[in-house]
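Per Swiss-Prot, ATP binding site is recorded for Gly155, Gly156, Ala157, Gly158, Val159, Gly160, Lys161, Thr162, and the stated evidence type is sequence analysis.
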Amino acid sequence: MVETTNKGYVCQIIGPVLDIEFPGGKLPPIYSAIKIETADGIGNIVEVQQLLGDNKVRAVSMRSTDGLKRGVEAVDLGAPITVPVGVPTLGRIFNVIGEPVDEQGDVVVDQTLPIHRDAPAFTELETKPSIFETGIKVVDLLAPYRRGGKIGLFGGAGVGKTVLIMELINNIAKAHGGVSVFGGVGERTREGNDLYEEMKESGVINSSNFAESKVALVYGQMNEPPGARMRVGLTALTMAEYFRDVNKQDVLLFIDNIFRFTQAGSEVSALLGRMPSAVGYQPTLATEMGALQERITSTTQGSITSIQAVYVPADDLTDPAPATTFAHLDATTVLSRNLAAKGIYPAVDPLDSTSTMLQPGIVSEVHYETAETVKETLQRYKELQDIIAILGIDELSEEDRLVVARARKVERFLSQPFFVAEIFTGSPGKYVSLEETIKGFTMILNGELDDLPEQSFYLVGNIDEAIAKAETLK
């Protein structure tokens, strides 16, 4: 029998970074996983980052290195970190190395995959841009998502990010027969727990039968070492790739927060002895970001559409971390505190949200024209708000008063009841097709509904519901 176990020992520990010495000629390659025995018997997984010479490798730990000593045995596992994939992962919470952490027992899977994989080859890519319909009016009309694209989600605390994420998970499952993977990267443990509980409440996770759940969760939270936060995005992505490539499904991949991925890389970079670049970030920033983002794409088999929450440090959009992220995004969804304060949910800002898909040739002509007219109407209303606040609406010209009346109807019609919010609002959720959305806004802008009260457009699905609601308000 061939001896497969390659053993070394820890010779230096610098925070989350360890140096390990192996016998001559038996160095594990870069990205290999190495298991280190710990006093609690659980063991610590570290990932090789550099080959130093003198039979030593430098590795980054996925768990806390507290209590580790020099001289402890390290076993080369002979492969990169591998994680479970497939239907058994749905409804469960995993850590960076694919261990379930929700106290619901072991996960039995037929297959595990390494977290470091090549992006799909050019020949496998789906090149024709197509819209990914979400059933959410404001998104589909004004900042449509690309199938297999990357969307940046911007918004402060309490403006409805979590509810929007859960609605998207719900809609992809119902309308596209797809699944979702949620990667919690370096965010608060409390938020991760709240999200899990809310998903169980809203039916996105079915705790009595996990196979009927619509999402798998992977968490590497703030309290974990930078190695875990740096790799947890790849763990989530690997699970999503399996659903795309093997199950041939449309997948939604959520990364909350993409900035923490970069931040973890910069924490490790200095300890690995790399020279820092601008603002102290790692010199490999663009490469690391590209390696993650290039794997998120549409193939001829299925698609991974990614929605990434983007934290902007000190609101500086020129900071290297958000600036590098923007280079990869196809669309942005900006949540507005002003709209949330008015009670308009989803609080997506119709003027600040953008999409590269909203151009003639990709969307239909009527879609493009309707979206542009909606934006013009809302922009004009925004410009007139100061005058209205000072002089009152009666001082406006007849034409401007009509614009304001229609803009207020448009603003309210951009709101929508969500399936996952039924338990809070008491009103049933609505999925609105793109066709219905365009029809509704065209009717408002053409003046066909000028005689209806603006309340009738608030929190309804399609335009027929608004007309029916107006009847009940009479």
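Counting starts with 1 at the first residue shown.
Heads up, the Cβ atoms here are built off N, Cα and C, so glycines get one too.
Quantities reported herein were computed from a predicted structural model and do not represent experimental measurements.
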Near the Cβ of Gly160 (ATP binding site), how many other Cβ atoms are there if near means within 10 Å? 19
Which one of these binding-site residues, Gly155, Gly156, has the sparsest Cβ neighbourhood, judged by other Cβ atoms within 10 angstroms? Gly156
Gly155 (ATP binding site), DSSP three-state class -> coil
Once the chains shown are all counted, how many other Cβ atoms turn up within 10 Å of the Cβ of Thr162 (ATP binding site)? 16
Sort out for me which one of Ala157, Val159 has the most neighbouring CB atoms within 10 A, since those are the binding-site residues we care about. Val159
Helix, strand or coil for Gly160 (ATP binding site)? Use DSSP. coil
Around the Cβ of Lys161 (ATP binding site), the count of other Cβ atoms that are within 10 Å: 21
Additional residues surrounding ATP, by Cβ distance to the Gly155, Gly156, Ala157, Gly158, Val159, Gly160, Lys161, Thr162 centre under 8 Å: Leu335, Ala340, Ala347
Spatial neighbours, same chain, of Gly158 (ATP binding site) - Cβ under 8 Å, 6+ residues apart: Ala340
